[in-house]
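Peer 1: Here it is, the structure in full.
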Amino acid sequence: MAIKLIVGLGNPGQEYMFTRHNAGFWFVLHLAQQFNITLAPDKKFHGVTGRGQIHGHDVRLLMPLTFMNKSGQSVVPMVKFYGIDNDELLIAHDELDIPAGSIKLKTDGGHGGHNGLRDITPHIGNDFHRLRVGIGHPGHKSKVSGHVLSKAAPDEQIAIDSALSAAFDALPLLLGGDVEKARSQINGFKLPE
């Protein structure tokens, strides 16, 4: 099945826009900009939504404005309203367990401690596609909150942006339903030495 809904997880507000936790937002914002998709507030879905053509495919975009730990209040109603099957859903989110500059496409699995996913999976299950954008781990769990809610260092940001570019390059495959080729291309991305 082709992807019909791309969700970017993050926190609303200018103070959070450039924090690591908003890597999912960055992905959706880039898509909207690149493909001239207008994003507008949508009260019904507690988020910012858009719809347009991406590589010849009709795709909806969503950025929840509920704060990360309430992402399900935005994602679940949209999935249900439009009848989006889980294999037509891609959720982009930051991932502590992957170093900055790495990116992984995964289907299935638990929430892995990610509060946005934790709020979504009880309602729709966990068999949807996730674009896991590496932001690295600060080393100790007591530092996680400060890490995800702060800006990446300039070299880290360049690495994250490079990984996101690799995902953009694989979008034609993913949107066309060739998930395995897209996964191979995305998961095989390595930063230049």
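Cβ atoms here come from the backbone N, Cα and C positions, even for glycine.
Swiss-Prot lists Asn11 with the feature site 'Discriminates between blocked and unblocked aminoacyl-tRNA'. What Swiss-Prot lists as tRNA binding site is Tyr16, Phe67, Asn69, Asn115, and the listing cites sequence analysis. Annotation source Swiss-Prot lists active site, proton acceptor at His21. As annotated by Swiss-Prot, site 'Stabilizes the basic form of H active site to accept a proton' applies to Asp94.
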Peer 1: If the tRNA site is taken as the center of the Cβ atoms of Tyr16, Phe67, Asn69, Asn115, which further residues of that chain fall within 8 Å of it by their Cβ?
Peer 2: Asn11, His21, Thr66, Met68, Lys70, Ser71, Gly116
Peer 1: Among Tyr16, Phe67, Asn69, Asn115, recorded tRNA binders, what is the largest CA to CA distance in Å?
Peer 2: 16
Peer 1: Please work out the number of neighbouring Cβ atoms within 10 Å of the Cβ of Asp94 (site 'Stabilizes the basic form of H active site to accept a proton'), leaving out its own Cβ.
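Peer 2: For Asp94 (site 'Stabilizes the basic form of H active site to accept a proton'), the 10 Å Cβ neighbour count is 27.
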Peer 1: Specify the nearest of the recorded positions Asn11, His21, Asp94 to Asn69 (tRNA binding site), where nearness means the distance between Cα atoms.
Peer 2: Asn11
Peer 1: Reduced to three states, what secondary structure does DSSP give Tyr16 (tRNA binding site)?
Peer 2: coil
Peer 1: Measuring Cα to Cα, how many Å separate Phe67 (tRNA binding site) from Asp94 (site 'Stabilizes the basic form of H active site to accept a proton')?
Peer 2: 14
Peer 1: Is any of the recorded positions His21, Asp94, Asn115 within 10 Å of Asn11 (site 'Discriminates between blocked and unblocked aminoacyl-tRNA') (Cα-Cα), and if so, which, in sequence order?
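Peer 2: For Asn11 (site 'Discriminates between blocked and unblocked aminoacyl-tRNA'), the recorded positions whose Cα atoms are within 10 Å come to His21.
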Peer 1: Taking the Cβ of Tyr16 (tRNA binding site) as reference, which residues of that chain separated by at least 6 in sequence fall under 8 Å from it?
Peer 2: Gly10, Asn22, Leu149
Peer 1: Specify the count of other C-beta atoms within 10 Å of the C-beta of Asn11 (site 'Discriminates between blocked and unblocked aminoacyl-tRNA').
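Peer 2: Around the Cβ of Asn11 (site 'Discriminates between blocked and unblocked aminoacyl-tRNA'), 21 other Cβ atoms lie within 10 Å.
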Peer 1: Looking at the binding-site residues Asn69, Asn115, which sits with the largest number of other Cβ atoms within 10 Å of its Cβ?
Peer 2: Asn115
Peer 1: Taking DSSP as the reference, which of helix, strand or coil describes Asp94 (site 'Stabilizes the basic form of H active site to accept a proton')?
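Peer 2: Where Asp94 (site 'Stabilizes the basic form of H active site to accept a proton') sits, the three-state DSSP reduction gives strand.
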Peer 1: Tally every other Cβ atom lying within 10 Å of the Cβ atom of His21 (active site, proton acceptor).
Peer 2: 24
